[in-house]
Amino acid sequence: MSWIEKILNKSNITSSRKANIPEGVWTKCDSCGQVLYRAELERNLEVCPKCDHHMRISARRRLETFLDTGSTTELGSELEPKDILKFRDSKKYKDRIAAAQKQTHEKDALVVMKGTLKEMPVVAASFEFAFMGGSMASVVGARFVRAVEQALEDNCPLICFSASGGARMQEALMSLMQMAKTSAALAKMQERGLPYISVMTDPTMGGVSASLAMLGDINVAEPKALIGFAGPRVIEQTVREKLPAGFQRSEFLLEKGAIDMIVRRPEMRDELAELLAKLTQYDLAKDEDELLGEEMIADDIESSDNEPEINIETNKKEDV
């Protein structure tokens, strides 16, 4: 027995109690590997506070944090996917749909809402990448067209946040048809002179990038988002050449003029509100002043309610 074993008698060593930490309190950044407090990450809209890596965010949460609180109404929620072709690969399409719905609590890969953005009426759509890779299918196309129709009816701008791997192969030609369908709908927005802002997030690929994602009056992207038609590996294997560093990332596309601007997610709401206000000649400052004035009036009323009542009769007697 060594001297260290004599000092550290195993019989006297008690096992330390494991810390009782609830699951999901901490998470790790996909980029820098830093351990992050989950609540802090959620407050920062799933953007790493250490390295600014933009993680995936659900479509519903994106829209609820982007639009004014209490102003949202969901559109097209009654539309559900159907396995018309009875498609089957390694798994039945209807089983894939059921699994995706259970995982995401969404009926399909696009969520559409109308509401206000800093009191300005807008319609917004967002892809849910966790639903079969955000793939575009019949319901996605129908909901997007519904969003366009609502924007035309309300005479307001349309915003779409894309996060998709492309067309959904399980719906074959019906999925590819959505490229033409959504593009034709956006042509009506152009005819009416209504702004359409496309926001491309990581990733925006395939048929979505080749249709609705690149047809914005202003094309915006989040930092380091992968945007393109075919993936980098497919292109390298086809052309048999090494691609440039950062190829198909939003910074590369901005440099080449393929997109108009890059906006960080926490700043997206303010930036797009200013853009739309300029495009529609909407007086954003006036609404903000009115809102501030209403808040000040409410504060004055609340403070006056809390002031002690003055008994005039009692004061008169004291003066005498």
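From the backbone N, Cα and C atoms, a Cβ is placed for every residue, glycine too.
Ranges compared are 29-51, 98-120, 190-212, and Swiss-Prot records zinc finger for 29-51. Model confidence over the domain 'CoA carboxyltransferase N-terminal' (25-294) stands at 95, taken as the mean pLDDT rounded to a whole number.
Taking Cβ-Cβ distances under 8 Å and a sequence gap of 6 or more within the same chain, the neighbours of C29 (Zn(2+) binding site) are L36, C48, K50, C51, H53, M55. For C32 (Zn(2+) binding site), applying a Cβ distance below 8 Å and a minimum sequence separation of six or more within one chain yields C48, K50, C51, H53. Of all the binding-site residues listed here (C48, C51), it is C51 whose C-beta has the fewest other C-beta atoms within 10 angstroms.
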